[in-house]
Amino acid sequence: MEINIQKRVLEANESMADKNRRLFREKGVFVLNMMSSPGSGKTETLCKTLQRLMPEVATGVIVGDICTRNDADRLEATGAAVVQINTDEFGGDCHLAAHLIEKSALTMDLEALDLLIVENIGNLVCPAEFDIGENAKAVVLSVTEGEDKPLKYPLMFQVADIAILNKIDLLPYLDFNAAEAVDNMKKVHPGLPVFELSAKTQEGMEPWVAWLRDSVAKKG
Amino acid sequence: MHEMGIAQQMISIALEAIPKDLPDPRVEQMNLRVGRLAAVVEDSLRFCFEIISKDTCLEGAKLVIETVPVKARCRRCHHEWEVEDVVFTCPSCERGEIEVLSGRELEVASLELAD
Ligand SMILES: Nc1nc2c(ncn2[C@@H]2O[C@H](COP(=O)(O)OP(=O)(O)OP(=O)(O)O)[C@@H](O)[C@H]2O)c(=O)[nH]1
Ligand SMILES: [Mg+2]
Ligand SMILES: [Zn+2]
């Protein structure tokens, strides 16, 4: 006997993500999902970004980390509302799923927030697959990772709405070809906006921060 | 890396689909559709499925995976093509933004039960 099913395996996550999306819309908060491989500079970029945005743009951060509180402490120092998710208790997961985001978001005063940033688990594969109800996805690639990363992890660069090429302060010391990296991103995702910056020296930060401000303003 | 969670979902989708009034059902085969862009490692998925189906009516079931090609459409010139080497630039106009039509599937298509 054959039973026809035709059901998406991640349907449970997708409907949870839709529920989150409704909640975020109702509260008028713009939600950005930030993803990258471990150590590309998500936390550092966010810290410097928050210094420029706060307090005009009331920002909250949900940070996923497998077992430490380091990132949450660094982010809290900027004055943002920070909630840490240690995925450890859920089996050391490799991505933040929609139900974890709901659980954290409900502990925050969303009404008071204009912007909610989710720093996902450092991983270029799995987070790309899991919708969390965000308005936009950002991927961070750093110049120490190799120009071919977009071709090796096409889904991540395909689903991203914008990309950041971070640590450009290191370019003089590396063989990394920034133009080739950007070119590879655009091969995988034609038209992808790419912000080249250094979270350390803050060179190139402003266009990215302006994009965020703009996105928040559009959300109204 | 999240193949265990995926295998778990696959099994609960299957268990839900099997009619409750069926006496002692045995699943011989599960048919899956997996897009080439989907973030799953086939070997790892098979391994997880084998472990997690133990002591269920899916124990020992064959997992048949149909790989779905990546297809895209250009938003500018509406050209449609199969993306071979992760280059999503429209081969017709080389300019437009594109829309991914298939290749992200991760679906349980059907089950085959022993009579
Ligand atoms: N030179 C340089 N170093 C940077 C820059 N941005 C971040 N770093 C350093 O890179 C390391 C990793 O940065 P994080 O911000 O912790 O990276 P992350 O992506 O949050 O890492 P995980 O959360 O562990 O995935 C730290 O030592 C940072 O100081 C940059 O623009 N230039
Ligand atoms: Mg971090
Ligand atoms: Zn075209």
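Residue numbering: from 1, along the chain as shown.
Just so you know, glycine gets a Cβ as well, placed from its N, Cα and C.
B:H2 (Ni(2+) binding site) carries neither a helix nor a strand DSSP state and counts as coil. As annotated by TrEMBL, Ni(2+) binding site applies to B:H2.
The feature Zn(2+) binding site is assigned by TrEMBL to B:C74, B:C77, B:C90, B:C93. Neighbours of B:C74 (Zn(2+) binding site), defined as other CB atoms within 10 A of its CB across all chains, total 22.
Those binding-site residues from the list B:H2, B:C74, B:C77, B:C90, B:C93 that have a Cβ under 8 Å from chain A Cβ atoms: B:H2, B:C90.
For the pair formed by B:C77 (Zn(2+) binding site) and B:H2 (Ni(2+) binding site), distance between Cα atoms is given as 37 Å, rounded to the nearest Å. Residue pair B:H2 (Ni(2+) binding site) / B:C74 (Zn(2+) binding site) shows a Cα separation of 32 Å.
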